[in-house]
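Trainee: Encoded as C-alpha cells, here's the structure I'll be asking about.
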Amino acid sequence: MKIVIADDHAVVRTGFSMILNYQNDMEVVATAADGVEAYQKVMEYKPDVLLMDLSMPPGESGLIATSKIADSFPETKILILTMFDDEEYLFHVLRNGAKGYILKNAPDEQLLLAIRTVYKGETYVDMKLTTSLVNEFVSNSNQDTANTTDPFKILSKRELEILPLIAKGYGNKEIAEKLFVSVKTVEAHKTHIMTKLGLKSKPELVEYALKKKLLEF
C-alpha cells in the first residue's frame, strides 16, 4: 500500500518512514510538513493511507486538512497520528473524515495494525481511549442537530474576520498584528465568538468554521 506521512517534525517523518518502508506491504511515497503540503501530496500520489499529525503550523492544521482531504479524496484513508489523548479531538476528527486515531507513543506493532486496519476500510482507535467514547461518537453522529436560528448571522464584521484566523491556529498576538488591533481586543472578540456560537473548545470552533466554508484553500 502507498502511504503519505504528514508531520511538521522532520525527525518524526524520517523515523516513521523507516519503520513503514521496512514492511513488505507498505511504501512511504511522500511526506509533508503541514496541511497544505499534505493535501498536495495526496492529490499527486493518491496514497492508500495518510498518516496525519494534528498539531501542525498555524494556517492549515491537521484538523482542517483532515476534513478537506477526506472530502476531496475519499479513497485515501486518514489515520490521525498525535500526542493528543483528549477525547474531544478524537470525536471531531472521526466526524470529519478520519478512519483512525493513534497516539505517537504507541508501540510499532500497534501503529502497523492501525495502518492495516484503516487500509481495509475499518475504523481504528488507540487502545488507551475508551469504548464508551466511540459509542458516544456514534450516538452524537446520529442525532439531528438542525437549528432554526443560525447564530452565525449575529457575529460582527470583526468577529467574522477573527473566527477563521483562530480556527487556522493563529495566536492572539499574531491575529492582533494582522488586524492592527490590540491583543486585549482579540481576546474579547474571541470570547464573544465562542459565547455567541455556543462553542466550548478549539476543535468545535474548527469544525464550525469548516461547515461554514471559512477555511477554503
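Just so you know, glycine gets a Cβ as well, placed from its N, Cα and C.
Pulled these from Swiss-Prot:
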DNA_BIND  172-191  DNA-binding region
DOMAIN    2-119  domain 'Response regulatory'
DOMAIN    148-213  domain 'HTH luxR-type'
MOD_RES   Asp53  4-aspartylphosphate
Trainee: Who are the chain neighbours of the DNA-binding region (172-191) in space, where the CB to CB distance is under 8 Å and they lie at least 6 residues beyond its ends?
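Mentor: 58, 156, 158-159, 161-162, 165-166.
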Trainee: Take every residue in the DNA-binding region (172-191), average their pLDDT values, and give the whole-number result.
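Mentor: Taking every residue of the DNA-binding region (172-191) together, the mean pLDDT is 90.
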Trainee: Which number gives the other C-beta atoms within 10 angstroms of the C-beta of Asp53 (4-aspartylphosphate), all protein chains shown included?
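Mentor: I count 26 other Cβ atoms within 10 Å of it.
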Trainee: Under the DSSP assignment, what numbers of helix, strand and coil residues are found in the domain 'Response regulatory' (2-119)?
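Mentor: So the domain 'Response regulatory' (2-119) is made up of 55 helix, 25 strand, 38 coil.
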Trainee: Mind checking how the domain 'HTH luxR-type' (148-213) divides into helix, strand and coil residues in DSSP?
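Mentor: Reading the DSSP string over the domain 'HTH luxR-type' (148-213) gives 48 helix, 0 strand, 18 coil.
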